[in-house]
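According to TrEMBL, the features are:
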type	residues	note
TRANSMEM	7-24	transmembrane segment
DOMAIN	7-150	domain 'EamA'
TRANSMEM	36-57	transmembrane segment
TRANSMEM	78-97	transmembrane segment
TRANSMEM	109-126	transmembrane segment
TRANSMEM	138-155	transmembrane segment
TRANSMEM	161-182	transmembrane segment
DOMAIN	162-300	domain 'EamA'
TRANSMEM	194-214	transmembrane segment
TRANSMEM	229-249	transmembrane segment
TRANSMEM	261-277	transmembrane segment
TRANSMEM	283-301	transmembrane segment
Amino acid sequence: MLDKQKGWAAAIFIGFLWGTPWVVGTPLMEVMDSKMLVWLRYVVASITLFFILRFMSKSIAAEGYQKFTYSWANRVDVLKTFACGFVGQALFSYFAFLSLDYITASENGVIMGLIPIQILAVGFFTRGERFSPMQMGAACLAFAGVTMLVYDPALNSDGFSIGHVIAFMSAFAFSSTAYTRADLAEKYGSISTMFHQFVFAAAGFTFVVMFYGLDFTTALGAFTAPSRILSIFILGVFISGISYLIYIYGITKVGVDGTGMALNLMPLASFVLAAIVLSEPVTLWKCVAIAIVVSSLMVFVKATALKRSKAAAQQTANATLATDAAN
């Protein structure tokens, strides 16, 4: 029981932690371009995961995962990893930070919370996944909550803007590579897969920064104030590095579905932290919208778990029938 409580604590902590990047990144954007911030984040994250991999190399090898190699024979997986790193990580972060020029951090966080729905939508077009009626209802309700959020009458909101479009592009960049990322993690292990993705994210944005003629020394602005040092530590070391160990621990204790349920706290974390740290206005309308989105996401994840368990039960039943027929 104690292990399960620790697992839930880890999952809930990750749910809140992963809702904070767009808030903690705001102080850094005061001193550097969003492209430079993405580059710095993944350089720090790559270094962090490098040491974590070195520290855990024996335990990872014992789990029986293959070793990721940069070779011609492994070129397909290298290209997949590049896509996951550059598109699913670097562009995901870049569009999210860029959207903050137009919308609030809490709005951004709520849109990021819709990623589970977008992932299933990607699966619908690429892998034949199907929405159940409950999932469709939850998805529609979640999007209704987002619409409420951006049309807050108390704030004289103009409604959807280019910032919301960019935020949805960010969420799609992450969602579009989710299944590929899962396939690679199953083959090479989660930590190893994330490390190589982060390397590609940092390398890819090195060329982006050079193409735009940005000065790499502006990245030193992250170390000019305690708040900015804390921000890059949280972004690069904690959120993109150590948090994955906590996430994996949560999965081992409460399962994928339990951890996924806790991740629905991400929009709430963005909303609360933006109000406390960035003094974003809090209105009753906005609170109701957040409640609708979070509740809808919880229903969506629960429906996904039910569909998965039914599919597993059907497979077991089919296997039993096949065995009986053979006998």
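Each Cβ is built from the backbone N, Cα and C atoms, and glycine gets one as well.
Automatic, uncurated: that is what TrEMBL annotation is.
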The transmembrane segment (78-97) in contact with the transmembrane segment (194-214), cutoff 8 A, at least 3 CB pairs, sep 6+:
yes
Going by DSSP assignments with H, G and I as helix and E and B as strand, what are the residue counts for the domain 'EamA' (162-300)?
124 helix, 0 strand, 15 coil
What are the DSSP helix, strand and coil residue counts for the domain 'EamA' (7-150)?
113 helix, 0 strand, 31 coil
Suppose you look only at the domain 'EamA' (7-150); what would the mean pLDDT be?
84
